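Chemist: Dumping the structure here so I can ask a few things about it.
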Amino acid sequence: MTETRNLYIETFGCQMNERDSEIMTQLMSQAAYLETSRPEEADCIVVNTCSIRGKAAQKAYSLLGGYRRLKKRRPELVIAVAGCVAQQDGENLLKKMPHLDLVIGPQNIYRLPELVESARRQATRTTATELSKDFVIPPFLPQVNGTATNHKRFVTIMQGCNNFCTYCVVPHTRGREVSRKPEDIINEVRHLADHGVREVTLLGQNVNSYGQDRGPAGTTGQIDDFPALLQAVVAVEGIYRVRFTTSHPKDLSPELIDCFAQLNKLCPHFHLPVQSGSDRILARMNRKYSRADYLARVAQLRRVRPDIAITTDLIVGFPGETEADFEATMELVNFVRYDSAFSFKYSDRPNAAAAAFDDKVPEEVKSRRLSLLQQRQEEISREIGRSMVGSTVEVMVEGRSKNSDGQWSGRTPTNRIVNFTGPDSLRPGELVDVYLEEACRHSLRGRMRRAK
Ligand code: 5AD
Ligand code: SF4
């Protein structure tokens, strides 16, 4: 019998990182490492880091610092840093923290078992952070083990970003855009569907430009852009719902908007980060669209799919942002009425152009603007929730609700959480109709009418 060891993995950041952690866990399980929820028990610790904002990177650093104690106690423990902080800080991490063994960038996660083995046997300390524009994301069939969370999965379709927004670290940590081969993506989705997965979310930093790095558009019938890929994914038998994230408004094509008119399985939810409502700030952010361009796209989406929920990301306190610029963002938020929004205080990131801008906004101004914005958005989200009460919505069952009392929990096509009463026989991944009776702070409540 092979000896088994324990793997502890901690993940920060976006869904891309979550998917990468799943891949690392699966690769390590093939090398006889079983996942544990207790770092003290681990033979290998992986911290998959995020560098998008200053706070996320600091969290990773302080967690890693804390593991010094575990390494002291058990020198054979292997500690690896993966993700965007690893890519960004590279070898310096090993210099700053002598208790770390491995630094692995996002393109190198597939080498994890091999690197852990050599760290364990020969005590080698390695930095694997090469970023190649010719990188090919290896085909990789995910493990599906029939647990409650397994009815929906992420599928990475591309990595990297070519846009260089002036606040953003991603092009520096994830490199240039690399699209996966369409046949690898479709095989992965088929494999998931065959194992009971009912919903997939296609992932990439900018999915709208899928395929553009794979050469000029090919012959008819080939999957060479994102709308064509979506059509092929919704055609996979057994998949009931398809989502994607994230999109750059400048690449939102009329063909993609058309997909929302034609593809029933494509959920009416579009995450379309606007970042700011001020043209002056958008230009300084190098976003390559104006407020009017953005609003026109929102209007087109709503024309073809009136029930579409639009969500967004917003940054307050970008260098040079005046009260008037901030007001423009508030106006835009009031006008669009986002279903929900993630909003952040601007923070300087290494290598991002805006770090060198000299008209930084004071911290207390950023905090005030953030709280005004978040308050207003919360009101809007609740108003939208309340307007849904009295209607019947399709819900995909996720599992028992966390609030106990025997309720079920699931999600609407627009991705809102619904807690509802229903029979014990329900299974995750099933679609049911739920009559909505109440809007709570962050969820809806109702009762099941019928299975679909
Ligand atoms: N400061 C604050 N927020 C940022 N984001 C990206 N970079 C920064 C930064 N330097 C936000 C953007 C992006 C989301 C993922 O994180 O809103 O869409
Ligand atoms: Fe964070 Fe961006 Fe890296 Fe995702 S890609 S982990 S959001 S820095």
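Backbone N, Cα and C atoms are what each Cβ position is placed from, and that goes for glycine too.
TrEMBL labels come from automatic prediction, so no person has curated them.
Worth saying up front: this structure is predicted, and the values here are computed from it rather than measured.
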Chemist: Say TrEMBL lists CYS14, CYS50 as binding [4Fe-4S] cluster 1: which of CYS44, CYS84 is in the same site, per that record?
Modeler: CYS84
Chemist: Quick one: DSSP breakdown of the region 'Disordered' (401-421) into helix, strand and coil?
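Modeler: For the region 'Disordered' (401-421), the helix, strand and coil counts are 0 helix, 9 strand, 12 coil.
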Chemist: Provide, as an integer number of angstrom, the distance between the C-alpha atoms of CYS14 ([4Fe-4S] cluster 1 binding site) and CYS165 ([4Fe-4S] cluster 2 binding site).
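Modeler: That comes out at 18 Å between the alpha carbons.
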Chemist: Reported as an integer number of Å, what is the Cα distance between CYS168 ([4Fe-4S] cluster 2 binding site) and CYS84 ([4Fe-4S] cluster 1 binding site)?
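Modeler: It is 12 Å, counting Cα to Cα.
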Chemist: At a 10 Å cut-off from the C-beta of CYS84 ([4Fe-4S] cluster 1 binding site), count the other C-beta atoms across all protein chains.
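Modeler: Excluding its own Cβ, CYS84 ([4Fe-4S] cluster 1 binding site) sees 27 Cβ atoms within 10 Å.
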Chemist: Under 8 Å Cβ-Cβ from CYS165 ([4Fe-4S] cluster 2 binding site), six or more apart in the same chain: what's there?
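Modeler: Sequence-distant Cβ neighbours: GLN275, MET285, ASN286, ARG287.
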